[in-house]
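Each remark here refers to the structure printed beneath this line.
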Amino acid sequence: MRIFKDEAKLSLEYVPPVLPHREGELRLLNAFFSSLLRGKQAISVRVVISGSAGTGKTAMAKLFGRQMEAEAKSRRMNLRYIHINCRVNRTLFTILKRVVEHLKIPLPSRGYSTEELMHGLLDYIVENDLYVILALDDVEVLIKEEGSSPFYFLTRIGEEREDRMSRLSFIFIVRNPEILSMLENGVRVGMLDNVVHLPEYDAEQLYNILSYRVSEAFFDNVVLEESIRLIADLASERGDARYAIETLWRSGKYAEADESSVVTPEHVRKAAASIYPAIKKESLAYLSLHEKLILLAITRALALGEKAYTTSSELNELYRLVCEEYGVQPKAYTRFWEYLQKLEDQGIIRIKVSSEGIRGRRSYITLPEVPVSILQHELVRLLEGESKEP
Ligand SMILES: Nc1ncnc2c1ncn2[C@@H]1O[C@H](COP(=O)(O)OP(=O)(O)O)[C@@H](O)[C@H]1O
Ligand SMILES: [Mg+2]
């Protein structure tokens, strides 16, 4: 049973041809660079892309670069986009070496100083009528390693060689733009004028992003609607598309291992648990009796593996049944609700209040990080031990 149509579409290196919910940000980025394409009186453009992990900074920059190269080509302009990750290339010197390699500039790789590399690069750019956009990703690493000096160097060279420098533009990619305001004064000026900030994705946006990636990577009707919803909800706590796509991919792997023809919410729970194992056996033992009984009721409600959520009223009924089974007097509804909230505070369950207006507002309960089957097994074992105690 094959479920993946093209698994590579979920790899981290893959850059999708469209990025849903980033249309506005991409337009803004283009606007900042529009003067470059007009080409008449080129100036060095500097733009900052900011946003927390998994908001699409890297993907958007690379997609922009690809589109920019194509657009320039259609205008018979020689423009190259170069994307460099500062986590991999941690100093200005290694960054410049990467650029030189990328452009295949015939410079000897030894015995060169940073200045010589930079001048060699600028000379080559001018001689070949080239424009370069250099994107420095995870630039906080470079700041941590070398402080303000690389930025100082890049902009000062620009002052000395205005003509050449105008052909070299920059995109600086950071999580938090505040780190750039820690740079020395002379460098900082003007740097934060052009910022494209990427806000975290909400559940609805993640759902759309996932649906699109599902259609690229899986055969039709393989990933259940409920499973996509569940991944979107789990990832919306962080607003993180990388976490969402990683969970999607792993869910597919668990489905494959089960020889299942569909990806169910239970596969999603397994995948999520394998990424961030939240509930440890030891911490279950410390739960109170009624917390354990409620948790067991939740696993019963979700047990079929086809359900991502249960409602609080449905759960209360199951809880009363479980109490009966173990010969325990059930708690009143308000106490039951209190226990639910305690379980949520400990990160064991998630309670989601739907926003269908105040009257229609309902609570949905789910187990985000752990497969039902494992949890159920463990709870039954603990509860049996408990009831045997005098
Ligand atoms: N709007 C989007 N549409 C489709 N995929 C997206 C979108 N935003 C992010 N992704 C995907 O999510 C993952 C993380 O994005 P990435 O650009 O690496 O985030 P960041 O660099 O901000 O940490 C990548 O696989 C990327 O392709
Ligand atoms: Mg990134």
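Start at 1 and count along the chain as shown; that gives each residue its number.
Glycine is treated like the rest: Cβ placed from N, Cα and C.
For the recorded site, ALA59 (ATP binding site), the DSSP three-state label reads helix. The Cβ of ALA59 (ATP binding site) lies under 8 Å from the Cβ of VAL15, PRO16, LEU19, each of these being in the same chain and 6 or more residues away along the sequence. The feature ATP binding site is assigned by TrEMBL to THR55, GLY56, LYS57, THR58, ALA59, TYR201, ARG213.
What TrEMBL records for 295-379 is domain 'Cdc6 C-terminal'.
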Identify which of the following binding-site residues, namely THR55, GLY56, LYS57, THR58, ALA59, place a Cβ less than 6 Å away from any atom of ligand 2, and list them by sequence position. LYS57, THR58
Can you list which of these binding-site residues (THR55, ALA59, TYR201) have a Cβ closer than 6 Å to ligand 1? THR55, ALA59
Least buried of the binding-site residues THR55, THR58, going by other Cβ atoms within 10 Å? THR58
So how many other Cβ atoms are close to LYS57 (ATP binding site), meaning within 10 Å of its Cβ? 25
